[in-house]
Amino acid sequence: MPRTPHLLAIQSHVVFGHAGNAAAVFPMQRIGINVWPLNTVQFSNHTQYGQWTGQVLPPEQIPALVDGIAGIGELGNCDAVLSGYLGSAAQGRAILDVVARIKQANPRALYLCDPVMGHPEKGCIVAPEVSDFLLEEAAAVADYLCPNQLELDSFCDRQPNSLADCVEMARSLLARGPRAILVKHLNYPGKAGDTFEMLLVAADQAWHLQRPLLAFPRQPVGVGDLASGLFLSRLLLGDDLRNAFEFAGAAVHEVLLETQACGSYELELVRAQDRIAHPRVRFDAVRL
């Protein structure tokens, strides 16, 4: 029987709704990943509601929790680390220390950094120190970097005028160290208004994926967290870059279809769980 991959997911959590680990953990489990959730913050709900309560995990607690895992002899079984929303730059540095420790225990372990700075329609949602940390430190350590358009623009200190510019910008990030760049949400002049577009760029390949853009009164939160988690999960399950990319795009679309059908603001992960595991429609990525 094939071994089930293990993934340490270090990002935010909400008690109500779906964002961060609350958006990513169940879908990753549903497709066959043993997930170890480590929550950088625990909030009552995601911040787009405009009010919330909760706490940020003290940075020193991150290595302390990993010490506990090492103490029971399981650290070498970790196949990947995923990091997302950070409450502080100190948390980020603690995560990079954890990544180094896990890679020492398992040299084949992967690190995917979802560099959460904001969303193009919402503006920057993290402290400036976190953005600086992501730009200057995390990108150099990540095997996979998964920015949205705003975050890609911040990394490259420019805005694109075309899809070709987006490819060039993503490719420039490869020089910092990542194996591949997944741009979870493209936005550039001339982009078709009725499509949602994603981009995957590695040293020897670039893939562009389009799917229908679904309309919502308020855009659901957690879509990027879901996409990053599914992409990394499919890589751990043996997919190549293109297939992991196409699977993530299709599974996220299934969740959004169910969310739209229910008239929900929060992602309908439970109702869509079978279609997350087995998307009904795949969108072919086009090689650029």
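Placed from the backbone N, Cα and C atoms, the Cβ positions cover glycine too.
Swiss-Prot names T47, Q48, D225 as substrate ligands; from the candidate set S12, S264, the record adds S12 to that same site. The ATP site in Swiss-Prot is built from E151, K184, R211, P212, L213, L214 plus one of D97, D114, D240, D274, namely D114.
Cα of D114 (ATP binding site) to Cα of D225 (substrate binding site): a span of 8 Å. Here the binding residues for ATP are D114, E151, K184, R211, P212, L213, L214. Their largest Cα to Cα distance works out to 23 Å. DSSP classifies T47 (substrate binding site) as helix under the three-state reduction.
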